[in-house]
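Over in Swiss-Prot, the protein carries these features:
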ACT_SITE  HIS121  active site, proton donors
ACT_SITE  HIS171  active site, nucleophile
REGION    96-104  region 'Phosphatase sequence motif I'
REGION    118-121  region 'Phosphatase sequence motif II'
REGION    164-175  region 'Phosphatase sequence motif III'
SITE      ASP175  site 'Stabilizes the active site histidine for nucleophilic attack'
TOPO_DOM  18-55  topological domain 'Extracellular'
TOPO_DOM  75-78  topological domain 'Cytoplasmic'
TOPO_DOM  100-119  topological domain 'Extracellular'
TOPO_DOM  140-146  topological domain 'Cytoplasmic'
TOPO_DOM  168-172  topological domain 'Extracellular'
TOPO_DOM  197-203  topological domain 'Cytoplasmic'
TRANSMEM  2-17  transmembrane segment
TRANSMEM  56-74  transmembrane segment
TRANSMEM  79-99  transmembrane segment
TRANSMEM  120-139  transmembrane segment
TRANSMEM  147-167  transmembrane segment
TRANSMEM  173-196  transmembrane segment
Amino acid sequence: MYKPVSLFLFFLILAAAIHTNAVQSADEAISKAAVLIRQPWLNEVMTGITHLGASSFLLPLIVIIGAGMFFYRKTWDGLLMLLVFGTDRLLNKVLKEWIERVRPDFAPLVHESSFSFPSGHSMNAACVYPVIAYFLVKHLPFLSKHKKMVYIIAGVIAVLVGISRVYLGVHFVTDVLGGFSLGLLLFFLVKGFDEKIKRFRQK
């Protein structure tokens, strides 16, 4: 349980730090620097990447994978994926409304209307892609042989989504880090819970 606890503590530290002048100044400096490196072709690439963390993309993806699990009589795992995604979305919404951090205002390339901390797309990506990787490795033998690579791919996708949020001007770096910490926290909780259920069934 040390990983979820560490991630939760990291999130709490970030939530407090974003109200300090030093962190806010650093966030703004990075966001301004991101604007300076923009290129038309990169704008399109980052806009495409950011959709990988959108709920409108991830929910159908989870439903499709969940349907496949149901077909192969892995109903519990499919339901667990939906449950963790729902928890992810609810937790993010509640925290944004509670913390009420205003988004950066440095020529954003996409429109967002909710509050900024923690980043929802980053939280989605850091939670959902590792969870998908976990269940794919669990049920597909040919992927279980390449477990490390599957998790690396999931991690790379999450990191790219986080970078895209800063590049597009809709989040500060600390928003992304906050989203990552909570997303990974949920992943480790789901993984640990599923492994305990598995051990219980084997008794």
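Glycine is no exception: its Cβ is also placed from the backbone N, Cα and C atoms.
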May I ask which residues of the same chain, at least 6 positions away in sequence, place their Cβ under 8 angstroms from the Cβ of HIS171 (active site, nucleophile)?
ARG103, PRO104, SER116, SER119, HIS121, SER122, ARG165
For the region 'Phosphatase sequence motif I' (96-104), distant same-chain residues with Cβ under 8 A (at least six beyond the ends):
15, 18, 27-28, 31, 112, 114-118, 120, 169-172, 175
Same-chain residues at least 6 beyond the ends of the transmembrane segment (56-74) with a Cβ under 8 Å from one of its Cβ atoms are 81-82, 85, 124, 128, 132, 135-136, 139
Residues with Cβ closer than 8 Å to the Cβ of ASP175 (site 'Stabilizes the active site histidine for nucleophilic attack'), same chain and 6+ apart in sequence?
ARG101, SER116, PHE117, PRO118, SER119, SER122, ARG165
Hey, what's the Cβ neighbour count for the residue listed as 'active site, proton donors' at 10 Å?
30
Same-chain residues at least 6 beyond the ends of the topological domain 'Cytoplasmic' (140-146) with a Cβ under 8 Å from one of its Cβ atoms are none
Tally of residues which DSSP labels helix, strand or coil - the topological domain 'Extracellular' (18-55)
31 helix, 0 strand, 7 coil
Run through the region 'Phosphatase sequence motif I' (96-104) and tell me, per DSSP, how many residues are helix, strand and coil.
4 helix, 0 strand, 5 coil
